[in-house]
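Chemist: According to TrEMBL:
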- His65: active site, proton acceptor (ACT_SITE)
- Asp66, Val69, Gly71, Asp73, Ser75, Glu84: Ca(2+) 1 binding site (BINDING)
- Pro157: substrate binding site (BINDING)
- His187: heme b binding site (BINDING)
- Thr188, Asp239, Asp247: Ca(2+) 2 binding site (BINDING)
- Cys34-Cys110: disulfide bond (DISULFID)
- Cys67-Cys72: disulfide bond (DISULFID)
- Cys116-Cys320: disulfide bond (DISULFID)
- Cys194-Cys226: disulfide bond (DISULFID)
- 1-23: signal peptide (SIGNAL)
- Arg61: site 'Transition state stabilizer' (SITE)
Amino acid sequence: MEIKITLLIIVTLSLILIPVAKSQLQSGFYSSTCPKAEATVRSTVETHFKNDPTVAAALLRLHFHDCFVEGCDGSILIKGGSAEINAVPNLGLRGFEVIDDAKSQLESLCPGVVSCADILALAARDSVDLSSGPNWAVPTGRRDGRVSLASKASNLPSPLDSIDAQRQKFAAKGLDDRDLVTLAGAHTIGQTDCRFFRYRLYNFTTTGNSDPTLSQSTLTDFQKQCPRSSDGTERVALDKDSQLKFDVNYFKNVRDGNGVLESDQRLWGDPTTRDIVQKYAGTLRGLLGLRFDFEFKKSMVKMSSIEVKTGTQGEIRKICSKFN
């Protein structure tokens, strides 16, 4: 009788514990099922990066946009008329070919094992590392979502957002002010189209004035790069000093009135976010535990865990651009 009760308790506990264990992301998730998973993603990203270093920023942005809609589940990769990829905030995304390349290789090595969502998370990490930024262990075990709708992308942060609007959107995903500023620091690499900030140069107040938060020298430079009469597709570095290097110059630019996007420059206008920007940009960087590279790793792990699907949720896509 005692043996039966003991066995019943063991079985019951195992049934309780199994879904809990499966619901957690973990470093080295593929160590036994696909040992070369992370190395394959890394080598793929590295190959594309050597041909075009700007792809690093593209992959980092792709992961961010994925996580803010339906969680980090690869929903941004789905193609289709009503899919997330076609939402207005996502129209400039690129780097999809890198994810497809890595997925194709992994399907040959370990069919049906590695999710597109995990490939995105790993590629974002590798992109930062290749750009002279920090490296970190990426918890894996995400599964791919089965929903991708452009109509659900309205909660993506916008270059036009006030600090309060940014704060609300980040808080809705479990991210605080430090995460907001730290993740905005991803703009230390990459570019943007003139059309996303040109209004700051010529018609900020609808009376033909420029944005007063822009320094005069930066305003002049931006006006040369983004003529009033152009179509707005010219590309401008988000970090004018070192657009291909992951460093703290982005925060120095914001401090000095050289932020490109209005949402970036507004970080200097709010007391809380301004304090964080100052600590990252100033000569005291590294004191009080506020080191950008260290904090960025923490915020990325936190962001890449938003509303993940694990265990038996979702699926493992065969091809990242379409559901199974």
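Keep in mind that glycine also has a Cβ here, set from the backbone N, Cα and C atoms.
Those TrEMBL annotations? Automatic predictions, nothing curated.
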Chemist: Of the recorded positions listed here (Cys110, Thr188, Asp247, Cys320), which is spatially closest to Val69 (Ca(2+) 1 binding site) when Cα positions are compared?
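Modeler: Nearest by Cα distance to Val69 (Ca(2+) 1 binding site): Cys320.
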Chemist: Which whole-number value in Å describes the distance between the Cα atoms of Pro157 (substrate binding site) and Thr188 (Ca(2+) 2 binding site)?
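Modeler: So the Cα of Thr188 (Ca(2+) 2 binding site) lies 17 Å away from that of Pro157 (substrate binding site).
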Chemist: Which entry in the list of recorded positions, Arg61, His187, has its Cβ near the fewest other Cβ atoms, using 10 Å as the limit?
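Modeler: With the recorded positions Arg61, His187, fewest surrounding Cβ atoms within 10 Å: Arg61.
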Chemist: Using C-alpha atoms only, work out the spacing between Asp73 (Ca(2+) 1 binding site) and Cys320 (disulfide bond) and round it to an integer in Å.
Modeler: 11
Chemist: Checking the contact step here: among the recorded positions Arg61, Cys67, Cys110, Cys116, Cys226, Cys320, which have a Cα within 10 Å of the Cα of Ser75 (Ca(2+) 1 binding site)?
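Modeler: Final answer, ordered: Cys67, Cys116, Cys320.
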Chemist: Once Thr188, Asp239, Asp247 are set aside, which residues in the chain still have Cβ within 8 Å of the Cβ centroid of the Ca(2+) 2 site?
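Modeler: Once Thr188, Asp239, Asp247 are set aside, the remaining close residues are Gly185, His187, Ile189, Asp241, Ser242, Gln243, Lys245, Phe246, Val248, Asn249, Tyr250.
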Chemist: Quick one, of the binding-site residues Asp73, Asp239, Asp247, which Cβ has the fewest other Cβ within 10 Å?
Modeler: Asp247
Chemist: Which ones are near Gly71 (Ca(2+) 1 binding site): of the recorded positions Arg61, His65, Asp247, which have a Cα within 10 Å?
Modeler: His65
Chemist: Tell me the Cα distance separating Arg61 (site 'Transition state stabilizer') from Cys67 (disulfide bond), rounded to the nearest angstrom.
Modeler: 10
Chemist: Same chain, not part of Asp66, Val69, Gly71, Asp73, Ser75, Glu84: whose C-beta falls within 8 angstroms of the C-beta centre of the Ca(2+) 1 site? Give them in sequence order.
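Modeler: So the additional residues around the site are His65, Cys67, Phe68, Glu70, Cys72, Gly74, Ile76, Gly145, Ser148.
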